[in-house]
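The next block holds one structure in the form of structure tokens; read it before the comments.
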Amino acid sequence: MKRIGIDAGGSLVKVAYEEHGKMHLKTYSSHKMEEVIQWLKTLSPYASFHITGGRSRELNLEGYRVYTIPEFKAIMEGTSYLLHQERKLPKSDYLLVNIGTGTSIFYNENRIAGTGIGGGLLTGLGELLTKESSYTQLIQMAKQGDRTKSDLMVRDIYKDSTSPIDETLTAANFGKVGLDPSNSKEDQMAALIQLIGETILLISHGAAQSVKTSQIVFIGGTLTNNQPLQRVFLHFQEQMNYTATFLNNGGHAGAIGAMLSS
């Protein structure tokens, strides 16, 4: 193991390294950052560390060869590598949407937009709604929920008449919480992920239109095993005229890009 890529984000630390010709990807809570570094030092005392991310300066790597890679550069290089490896390269220039604790939007190696809506909202507000702090459990609850019991839908407004717009659209996020007594924590989590997805998509779609592309690549730790969020992005493709691409290891794009960067 000669090079180790580390992406130290707001909530998670992602690690990428190659050993015996195989790439290994690991994810840890930022609270365990010091433990992770000690483990890596023991695992490969002669490796060079290629670090990126907003919390990279907190890494205690004194005495080791350390190279700091600009976060945007690492993310773009890692994404390009994964698109080729997974054979998902779009046919034209693409918008890159990185959904981590917050969300950043890139085009041609430039950050052109962003929002505080992302994984931090999912886990933070999710815990307030459900008293559950586990990301995995929150996603599982969302899978079991029915967001139409929490969200006021267009069809709820036009019950006895023809709707002028698609009746399956959201009229008001969480607009039915006080109206439907059967509304559950699972339903609220499903509604929360819908809100996050719709908000990110509206911003991303506007950014895509501004640079005249219909190709949007979604990456980031918040998409990991998060089928409900992916479904939001897939659902509106035809209606809003864009193509969504997801990467199996997109949550590690920054760590991979850092490892590969010279």
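Using N, Cα and C of the backbone, Cβ positions are placed for all residues, glycine too.
Feature annotations, reproduced from Swiss-Prot:
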{"type": "BINDING", "residues": "7-14, THR101, 119-123, TYR135", "note": "ATP binding site"}
{"type": "ACT_SITE", "residues": "GLU71", "note": "active site, proton acceptor"}
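Rounded to a whole value, the Cα-Cα separation of GLY120 (ATP binding site) and the residue listed as 'active site, proton acceptor' is 19 Å.
A separation of roughly 23 Å, to the nearest angstrom, links the Cα atoms of LEU122 (ATP binding site) and GLU71 (active site, proton acceptor). Contacts of THR101 (ATP binding site) defined by a Cβ separation under 8 A and a same-chain sequence distance of 6+ are given as GLY9, GLY10, SER11, GLY118, GLY119, GLY120, in order along the sequence. Taking the C-alpha atom of GLU71 (active site, proton acceptor) as reference, the shortest distance to any of the binding-site residues ASP7, VAL13, TYR135 belongs to ASP7. Taking the recorded positions ASP7, GLU71 in turn, the residue surrounded by the fewest other Cβ atoms inside 10 Å of its Cβ turns out to be GLU71.
Counting neighbouring Cβ atoms within 10 Å of each of the binding-site residues (GLY9, GLY120), the lowest count belongs to GLY120.
The DSSP secondary structure for LEU122 (ATP binding site) is helix. In this structure, SER11 is the one among the binding-site residues SER11, VAL13, LEU122, TYR135 with the smallest number of other Cβ atoms inside 10 Å of its Cβ. Annotation note: THR101 (ATP binding site) sits in a coil segment as assigned by DSSP. A helical conformation is recorded for GLU71 (active site, proton acceptor) in the three-state DSSP classification.
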